[in-house]
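Per TrEMBL, these features apply:
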- 26: site 'Transition state stabilizer' (SITE)
- 31: active site, proton acceptor (ACT_SITE)
- 82, 88, 95, 109, 110, 119: substrate binding site (BINDING)
- 108: active site, proton donor (ACT_SITE)
Ligand code: DQA
């Protein structure tokens, strides 16, 4: 319609790494009882409230995560990623996130700094504007709030 201004909602990718499909069953004393479907619902509800679109995905494959990150270039406005165990091992994920040139927020359900020493270092954090860990699945909603604020700030400039 002439004169109408249809604003597309900004797209935020929410990417999840290995074993997060096992949430709910996996070490509930560490990760709680929420399933990955529950995490997606948390994100969908936050996205509706914030008026953004999300692309929520999980894979067990490192290469697939790298490809999904690459696909975000020119398509998404930001990436929220729980790289799970690949946080602690993957230079390939770090390189992909640096190459894509988008704001990144890293999320962990558990507080990785209260856990085994090998979880204290994350390669991905070098590419992240911020890291949220230890706040359970609500960390995803907080990350979506922060990412939306940053996108709005950028659009205001
Ligand atoms: C995790 C923490 C990682 O150390 C672990 O390998 C995971 C999940 C978290 O969300 O707390 O798989 O990323």
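The backbone N, Cα and C atoms fix where each Cβ goes, and this holds for glycine too.
A straight line from the CA of residue 26 (site 'Transition state stabilizer') to the CA of residue 82 (substrate binding site) spans 16 Å.
Long-range Cβ contacts of residue 110 (substrate binding site) within its own chain (separation 6+, distance under 8 Å): 30, 31, 133, 134. For the recorded site, residue 110 (substrate binding site), the DSSP three-state label reads coil. Cα separation, residue 95 (substrate binding site) to the residue listed as 'active site, proton donor', rounded: 20 Å. Ranking the recorded positions 26, 88, 108, 119 by C-beta neighbours within 10 Å puts 108 at the top. Cβ neighbour count for residue 109 (substrate binding site): 23 (other Cβ atoms within 10 Å of its Cβ, all protein chains included).
On the backbone, the CA of residue 88 (substrate binding site) and the CA of residue 108 (active site, proton donor) stand 12 Å apart. Neighbour counts were taken at the CB atom with a 10 A radius for the recorded positions 31, 82, 95; the maximum falls on 82. Each residue contributes its Cα atom, and for residue 82 (substrate binding site) and residue 108 (active site, proton donor) these two points are 6 Å apart.
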